[in-house]
Amino acid sequence: MKVAVIGAAGGIGQALALLLKNRLPAGSDLALYDIAPVTPGVAADLSHIPTPVTIKGYAGEDPTPALEGADVVLVSAGVARKPGMDRADLFNVNAGIVKALAEKIAVVCPKACVGIITNPVNTTVPIAAEVLKKAGVYDKRKLFGVTTLDVIRSETFVAALKDKDPGQVRVPVIGGHSGVTILPLLSQVEGVSFTDEEVAALTKRIQNAGTEVVEAKAGGGSATLSMGQAACRFGLALVKALQGESDVVEYAYVEGEGEYAPFFAQPIKLGKNGVEALLDIGKLSAYEQAALDGMLDTLKGDIQIGVEFVK
């Protein structure tokens, strides 16, 4: 099993690489790529960790050696948010980066499962899809926007509020991966109940958690360590499913049946070919239904921007 981390010298990439070096199954290959010259050094550093995972790092303009033979590609390349920026501001730089990488993936490892971490995910995933379509290699079962960070934040915040073990809390999060498009389904959390005020406050905190970290880092970066953890969780789920483990369920932003929007974050069952089944989002509360209805125009607009970018 080969996993490639693209953008591996960045804050997310290094955290993700560290976690994967420790947690990938024995015998896995981990390839790191970044345009930054430090990348082979990051791999050298991680290679000293005594786990049965081989690691190589590649730098420069061409990601081909890292992508060759990859089963899973996790893309975190791009610029990070700074105070005052929203995820849309990132679009101007990151859209071109994702487009160029998708063009490489289409040629070098078209059958790989690709997880897009680079923001704005609502838009970068449709960009990758359009590029892969143009190349004639698009398989909607194998392209994912990694929204796991919204899920782990929700689990953490709910556990703290209700004094639960965060490892035992499960919170479905649907929609997209920025602002109002992030919708935690708090009515479906088992074993706890919330007042209307708690629901409103928690939902807002989950939607704005990225900004919370950007501001706390005071210009020194965005959410890199928690995102590395989230991407690792999703990457390991993909690896398990590809290796034949059954009943692997995660949340991700994928091309669905178009019931809500062309791409939508929802629970998915993973299998040997990526998405095995789209799972139902379940029954929503009146608050959640109103929030879902209210965000769809924003989400569809984000998707359309990505489609237009590739045309």
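The backbone N, Cα and C atoms fix where each Cβ goes, and this holds for glycine too.
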Handout entry: Further NAD(+) ligand in Swiss-Prot, beside G7, A8, A9, G10, G11, I12, G13, D34, I117, T118, N119, M227, within candidate set N92, N94, N208
Key = N94
Fill in the blank from the handout: Between the recorded positions R81, R153, H177, the one whose Cβ has the fewest other Cβ atoms within 10 Å is R81
Exercise for the section: Rounded to the nearest Å, what's the C-alpha distance separating N94 (NAD(+) binding site) and R153 (substrate binding site)? Just drop the number here, would you? Expected result: 24
Completion exercise
G7, A8, A9, G10, G11, I12, G13, D34, N94, I117, T118, N119, M227 bind NAD(+) per the record; greatest CA separation between any two, in Å, is 18
Fill in the blank from the handout: Using a 10 Å radius on the Cβ of G13 (NAD(+) binding site), the other Cβ atoms enclosed count 28
